[in-house]
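Asker: The annotation transmembrane segment is assigned in TrEMBL to A:7-31, A:37-60, A:72-94, A:100-122, A:158-175, A:205-224, A:230-248, A:255-273, A:285-303.
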Amino acid sequence: MDVILNVLYIIVPAALIAATPLLLTALGGLFSERSGIVNIGLEGLMVMGAFGGIVGTLYFESIGFGALSPWMGIVVAIILSAIFSLFHAVASIAFRADQIVSGVALNFLALGLTVFIVREVFGRGQTDTISDRIFTTTVPILSDIPLIGPMFFTRMFLTTYIAIGIVFVVWYVVFKTPFGLRLRSVGEHPMAADTMGIKVNRLRYIGVMLSGAFGGAGGAVFAITSAGNFAGGTIVGQGFMALAVLIFGKWHPFGALGAAIFFGFAQALGTSAQQLPGLSSIPQVYFLILPYVLTILALAGFVGKADPPKALNTPYEKGSR
Amino acid sequence: MLKGRFFGLIVPLIAITFGFIAGAIIMLLSGNNPITGYVALFQGVFGDTYYFGETLQRMTPLIFSGLAVAFAFRAGLLNIGVEGQLIVGWFTSVYVGFTFDLPMIIHLPMALAAGALAGALWGFVPGLLKARFEVHEVIVTIMMNYIAMHVVNSIIRTYFIDSAQRTEIIAPTASLASDWLMQITQFSRLHWGFLLAIAACFVMWFILWKTKRGFELRSVGYNKNASAYSGMSVKGNIILSMSISGAFAGVGGAMLGLGTYQYANILPSFTNYGFDGIAVALLGASSSLGIFFSAFLFGALKEGANNMQAAAGIAPELVEIIIAFIIFFVASSYLIRWIYSRLQSKKGAK
């Protein structure tokens, strides 16, 4: 029993920490895809966010903001990625580009631009390492709760709690507000929405820019809490995994929360299986591919059918039917 | 209205121009001289037969990945999984290359076929899921890319690690390396695979335009319902086209394994040949000839980027930015059409 508990005390915090960037980015993808715009570019938005987060933190550190710098870095990342996502928005909404192709181009562009700037500014392929990180905290009273305390309230990042709080906000916004209703209607049946006087394209722009903001936050949180600096290899695949989280979570905020924790769990198992009794004999590769295999199975309907918004990946032209 | 053939040429050309203009603007903003930069880029491709040989070597797998994307695209499918199909093809061909001891006439074709088969299998799965369960191929193929990379890395790490991070070198009987091609290009890594790539362009053209199957594939791509109504098997054609697409990608991987590197190594991240294949196919308008030229353009950009850094001090990632912009503009061909029709109607008004 003690062995199992000790394993959980290692794995659960690690899983929640790994889940945080995925969750934030997937929530971003939710806004975009609920409005009918596929966002394969989440990876690129995370890259831009990681870049903005690290460069922002370095800048605010240098002018003396101290421990506040990483938080301001995250804000920089959110703004930068929201603006950057306009590339995808304009191409896929105004110019009616294939949304998947435009997302792929966004990924290329993010990596090219950020590494280019880093090389020009720092003279090498990576930035300096930030000194004011967001550190793990142990919540004073809650961590003393037996069983749960050491799992959920010890050595955690504040960002993880914030992200989980945001899930509830996103759920409320998407399902309980007029804005959310309009956003979803645009993703399901844009022509009907248009008939009701809803500005289809404007809502889609908002959806994509929100995905930029959230994706930027996800990338920045990953870079600031886990990596500490930015290079071309800081974000490798987390954006695609966030997309998988979104699909696995059936385009629902709570679904995404569950899927993100699950994927975080798989990641944490992959990195710490070697230290765990009973799991060290299982090759790491099984844990590495687990999230991807499960996503495929989920899509094929073996783990419950996931239905995307109906108008996903179709540009809206006024007057067409 | 606009003539199709004319527009098929004008959109890529305008996209390339816009891409280079965007690159020039970024060079200006970052305090570099665009003229110096582009001259260095150009010299890094044509300045020396070695550079030129390396450019042709670089474009070889790009032709295959471009053909792979285009082949699926013709049947109305977007194969983002070329990257994974290429990785499994790379490893499998190398595995056959160093395991067997056979005369070249059997060994080399067998290694190539093994690469094609592995890629085809990696394309078959998303094809089957699409046909059988209507799962969108884009997401499945992205997931398959990661599975391919992790599985191949793990297999190499567990069973075949030789020195550093790679397998042993393949037997000479499975190698595409060519002393003659190397000599005329000052010992670049140009190999016979380049000729195979040209042959592959013909193969795709032949399958698509000269066979009944190819007609069916294109027909399914144009209109699924009409094809089903006229008695074609839509599902069968989806599976087939993803498999053939994967086979092209797998042979592209074999080009790297049997030609350029002669081994397979543990990949820290994706090779990007698969993703570049999307750019190649788009710019080449999914036609064999177009793919040949666009693979040359992207191969040249990537090769020239080295000299751009060495001679003009510009970070090589500029090339990635240019490529991204070219994709944006090709994908946004609606914009180019719109501008063009505006210009035409203005002319008409006068």
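Placement of Cβ uses the backbone N, Cα and C atoms for every residue, glycine included.
Owing to the predicted nature of the structure, the values given are computational and were not obtained by experimental measurement.
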Asker: So which of A:37-60, A:230-248, A:255-273 has the most C-beta pairs under 8 Å when paired with the transmembrane segment (A:72-94)?
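Answerer: The stretch with the most close Cβ contacts to the transmembrane segment (A:72-94) is A:37-60.
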Asker: Can the transmembrane segment (A:100-122) be said to touch the transmembrane segment (A:285-303) if we require at least 3 CB pairs below 8 Å and skip pairs under 6 apart in sequence?
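Answerer: They do not touch: fewer than three Cβ pairs between the two stretches lie under 8 Å.
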Asker: Going along the chain, which residues at least six beyond the ends of the transmembrane segment (A:37-60) come within the CB cut-off of under 8 Å?
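Answerer: Same-chain contacts beyond the ends: 21, 25-26, 28-29, 68-70, 72-81, 84-85, 88-89, 92-93, 99-100, 102-111, 113-114, 117-118, 127-128, 130, 132, 204, 207-208, 211-212, 215-224, 227, 229-230, 234-235, 237-240, 242-243, 312-313.
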Asker: Which of A:7-31, A:158-175, A:230-248, A:255-273 shares the most C-beta pairs under 8 angstroms with the transmembrane segment (A:285-303)?
Answerer: A:255-273
Asker: Of the listed stretches A:158-175, A:205-224, A:230-248, A:255-273, which one has the most C-beta pairs under 8 A with the transmembrane segment (A:7-31)?
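Answerer: It is A:255-273, which has the most Cβ pairs under 8 Å.
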